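Trainee: Dropping the structure in here first, questions after.
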Amino acid sequence: MKLKLLAAVAATMMAVSPAMAELVIPALNYRTGPYAPSGIPYADGFSDYMTLVNENGGIDGEMVKVLECETGYNTEKGVECYEQTKGQGALIYIPQSTGITYQLIPKASADEIPIWSVAYGRTSAVNGKVFKWVFNLPATYWDAASIMVKYAMEQEGGSLEGKKIALVYHNSAYGKEPIRTLEKLSEKHGFELSLLPVDHPGQEQKSQWLQIRRERPDYVFMWGWGVMNSVAVQEASNIRFPMDHFIGVWWSGSEGDVVPVGAGADGYKSITWHGAGTDFPALQEIKTKVIDAGKNAGDGSKWGEVGYNRGVYAAAVVAEALRHAKTMGDVTPSSMRDAMETLGMTDERWTELGFPGFTAAFQVTCARHSSPRLGAIQQWNATDKTWTMVSDFMEPDFEVVDPLIEEDSMAYAAENNITPRECN
Amino acid sequence: MLYREAGDFKTSYKDDSQTFPIQMDRWGYYAILAIAFIAVPLVINDYWASAVLLPFLIYAIAALGLNVLTGFCGQVSLGTGGFMAVGAYACYKLMTTFPEVSILVHVVLAGGITALVGVLFGLPSLRIKGFYLAVATLAAQFFLVWLFNKVGWFYNYSASGQISAPERTVIGLAVTGPVATPAVKYLVCLSFLVASAWIVRNLTRGSVGRKWMAIRDMDIAAEIIGVNPLASKLTAFAVSSFFVGISGALFFSVYLGAVEVGEVFGIQKSFLVLFMIIIGGLGSIFGSFAGAAFIVLLPVFLKNVLVGGLGWATDLAAHLEIMILGGLIVTFLILEPHGLAQLWRVSKEKLRLWPFPH
């Protein structure tokens, strides 16, 4: 029976032969499992934008093929997806999970396929001298932590001396990322930091919030994902924690995280790097050309949500990188890497693509694989069911973050015998 | 007619008690070994190694280990994921502390460390049985995962709490790290699996295994006829954890390369390995292989058929995969409660009488 199985697998493997003359972009989505509430809007947005690109004639006439592979946010399935799509001409990987990113960094670097972790993954991958094949735009977790502290400081009139900040985090590589930065910042600004880990998948948070109720921190920061987010917002509202002092990272600030809590979530804040809502020409175009035409990837109900727009953002940048790579000849993983490394988007270009005021302009360089590294704070309004930006785009404290990046990336280079490239 | 004992004369007790008394079985066994060791490495590619063969080989070692404890000695354990984590973290600490020692030695040592931890958590089995023991081992599962998340020493204080395997070579060929070729990784795991199966087979037909089975079948009776429950139960825990530890070490170093304890070695891993031996067949070596093959290969196969072959949406296929797998498990267990191994045994019996059944 085993032989028969193997033969059948082999037969199907043959059937999925690579389709040439198409730009293949694998999408390691997760539409199932405990992280699906966060994964579905992103997956829909990414695929819908790529469909729009194809509707408008593709990338200089060449169609984009989005190769969906279901990971369920699970590392083992992520590895399987990587190996499966690698053979089909994958140009760039967007792993969609910090765990899978860590997994793929050495593998993809050896296979010479670029990875773009869209504001997640390994923060020190910003150092392009060490991480030649890895990109981490538009910002990193350490930037986010620093911007959140900066925002809290502004709210407190310029000083956090003697204040308390609690970090509620997903007990995984993802959730642990900001800890080191926050520790440095607490030394620098004199606030007290308390760490409250929440175990996978995150439905059980009673004890953490009991502790918050007892300790009464001035601010609560959250690094949550999937069902953990809405549970945390619910718990915060149960203990009547002031919602405007509760700030989530960008993965904890979508509609799916606050809508289930209803009016209790009003005033909850999160950091973001792009606009929410549907008031952008490109999103309207998706509505008319993709969703109304019935070519959408999901059920269309996520259109305009924060998570959806994030998928659109990622797709728009990939499409631009593909165009850029096209100018250098045939698109290969290696030319895609070169394109990512020299990619720049001005405000005019964003407007031209139908995203006026959607996000900030950026320019990637060889040494800095992340740009613009800006973030703004958005706030949830439960009555109108909208996210509105309540701050300008802010810079992180580079003095604190950059030395940490340097230290961590050089440690990685030493561990893996990588000689950093010489470039700017 | 072809598959029979007749004509295969045994002239010594050694011949008579061999593992494969039927000639055709022996040929089949050598043929499979030859294919696995010689033919497969020539054709293997990244996809087959990472998605199909490596997980199968490694889970088969874990299933063998758990089968020693649960199948042969009758002690239910839900701590397999935690013990695999011990193997993985022991291997990581050894790899980074003694980089000059061969990775193969580290994997075996990691198994040894896991055996010690297993014995420690096996002590309650002398007082409690059945479901209560399952709860005690469940505590081991949660405690071990918590420990590896909490104490920075285990992951060398890395910022993310992940452990990642540095490159290590055996006779000049990379076994771990990104440049390791699929054939090398496959051969290493295969060798460990064959060695493990050989050891388990020989243990279970010797006095140690007979004591385990006596304890399993009725512990009071076993004690009366002179089987020491302390020694037998603890050796079962030690041997079982040893193989589970080896599988954890290989899982981390050779297969995944980077591991996050909560996600990879969580409670669902314990259940997965337990399901493997239940579906495969408790107290059977072949059952460990069959169960691992069933649980590892079927989802990959279904995914390739549904998404690759029929072009269905990935989320629909993923949900359907779970349903089909669940349905098949229920069907199999209704038709053959003793697992795939029993199915195999019955079909062999029938084949011996074919074409003249009485």
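Using N, Cα and C of the backbone, Cβ positions are placed for all residues, glycine too.
Keep in mind that this is a model prediction, so the values were computed, not measured.
Copying in the features that TrEMBL gives for the protein in this structure:
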- B:27-44: transmembrane segment (TRANSMEM)
- B:50-69: transmembrane segment (TRANSMEM)
- B:76-95: transmembrane segment (TRANSMEM)
- B:101-123: transmembrane segment (TRANSMEM)
- B:130-148: transmembrane segment (TRANSMEM)
- B:237-259: transmembrane segment (TRANSMEM)
- B:271-296: transmembrane segment (TRANSMEM)
- B:316-335: transmembrane segment (TRANSMEM)
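Walk me through where these features lie, including what they touch and how far apart they are.
Mentor: Listed by sequence, the residues of this chain that lie at least six past the ends of the transmembrane segment (B:76-95) yet keep a Cβ under 8 A from its Cβ atoms are 62, 65-66, 69-70, 101, 103, 106-107, 109-111, 113-114, 117-118, 121, 130-131, 133-135, 137-138, 140-145, 148, 154-156, 163, 165-166, 168, 176, 240-241, 244-249, 251-253, 259, 261, 264-271, 273-274.
Using a Cβ-Cβ cut-off under 8 Å and counting only residues 6 or more beyond its ends in the same chain, the transmembrane segment (B:101-123) has close neighbours at 75, 79, 83, 86-88, 90-91, 94-95, 136-137, 140, 144, 168-170, 175-176, 188, 192, 233-234, 236-246, 248-250, 253.
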Trainee: Do at least three C-beta pairs under 8 angstroms join the transmembrane segment (B:237-259) to the transmembrane segment (B:50-69), pairs 6 or more apart in sequence?
Mentor: yes
Trainee: If we skip the immediate neighbours and take only residues 6+ beyond the ends of the transmembrane segment (B:316-335), which ones have a Cβ under 8 Å from one of its Cβ atoms?
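Mentor: Same-chain contacts beyond the flanks: 275, 278-279, 295, 298-299, 302-303, 306-307.
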